[in-house]
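Taking it in order: structure first as structure tokens, then the write-up.
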């Protein structure tokens, strides 16, 4: 609701006389309300279903860039790569936007379940290697003893881990073979599917063939990279890896050294340790694998010694591209910064110091410790590129939703949709005014979200839903819907997370 005052001032030639009356303060200056362009959002839901991914590939082939090749990394090393949304690389097979939304939410729920399971087990002192199902242990042992040149198997699809919504085009090997990799701040091991497969899911590009790369090299079992894996084994003195996800999904194969190329061959980085997965179940349908941007020692930023990196995520229904940037200039000078917190039991994840939230410019009445991180419990707030919908503790979510509903009583309700319990029928609207929503950080800093980041269409009939969801856990996750249009930067040297609106 807009703030009001009860003073109306009349300016005369030489003095000011004031009387009391009710007037509305300028809303834009007080971060009280935001305008949602309903028509524009709905048009994007129509356009994305008919978008042709071949347009993106042709643009990449037509572009020419200067090249740089790096094998010795330093903290001053920097480069930029392009990001694209999932639905600009895969031709939509959905009959309408509603089914597309349901599919996205299904993947997102699987992603959140995986994260919570992983974190919950870690806080209880259970290692990631304990997560593998019994059948996987058998397959891991078989892989150690087999001649992988003779492996053949089916190509299957899966989505149980929940693939992220943002992909980067990465050249793997030399000469580089373009592959779409999911951007993931919640993982430390970069990997791609490799031929020959015992089991591989469906991906957009041909599966990477190691024999076609002159830079492909096995990593020995006594190498530090192999020892840094949570779950590894040896076969003919070469390192094998296995990554298990919280929902039972996994990837198994050779842990190797390979060359990765970014931004249509503009930047080549050599001797990067990655997984070459021959057995991959239930993961990242459409992509060839994963670009790990977590905080662990094997993540891509750690391997290239990038103490800072950032990404900007465009609207997931947009055909535009955005970027991921590595190096000291990754964080804009005008970023809204918050403490970057680390949990020794959960070294992969980026926790952020959050002090509260506000609706319509008014802070929610929350406990001062509601977002605190405790190393011994599943608590705190993480920023995650792979989760779409921000998850909040149930008590925080209820307070947030109730405050938003109070400020949107002028909008007709549309009931619930999937995991969203607060939706609106905006079929008669072209624009609407809604209360602002903001994240509050230490030092009085705040990140005020644009309306399209928290009131989103779920069909093409102008049904919009409040895009937050509750969780039964004490942990909260800031998802990529709320990050859209904002450059999110992670500076591990300065221990800060930065948010820079409109920096895509």
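The backbone N, Cα and C atoms fix where each Cβ goes, and this holds for glycine too.
Since the structure is predicted, the reported quantities are computational estimates derived from the model, not experimental observations.
Per TrEMBL, the feature signal peptide maps to 1-21.
Residues belonging to the domain 'Peptidase A1' (166-500) score a mean pLDDT of 93 in the model. The domain 'Peptidase A1' annotation in TrEMBL covers 166-500.
Its own atom aside, the Cβ of residue 184 (active site) has 27 Cβ atoms within 10 angstroms in the protein chains shown. Annotated active site per TrEMBL: 184 (among others), in sequence order.
Positions annotated as active site by TrEMBL: 384 (among others).
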Measuring Cα to Cα, how many Å separate residue 184 (active site) from residue 384 (active site)? 8
Packing count at residue 384 (active site) (other Cβ atoms within 10 Å of its Cβ): 22
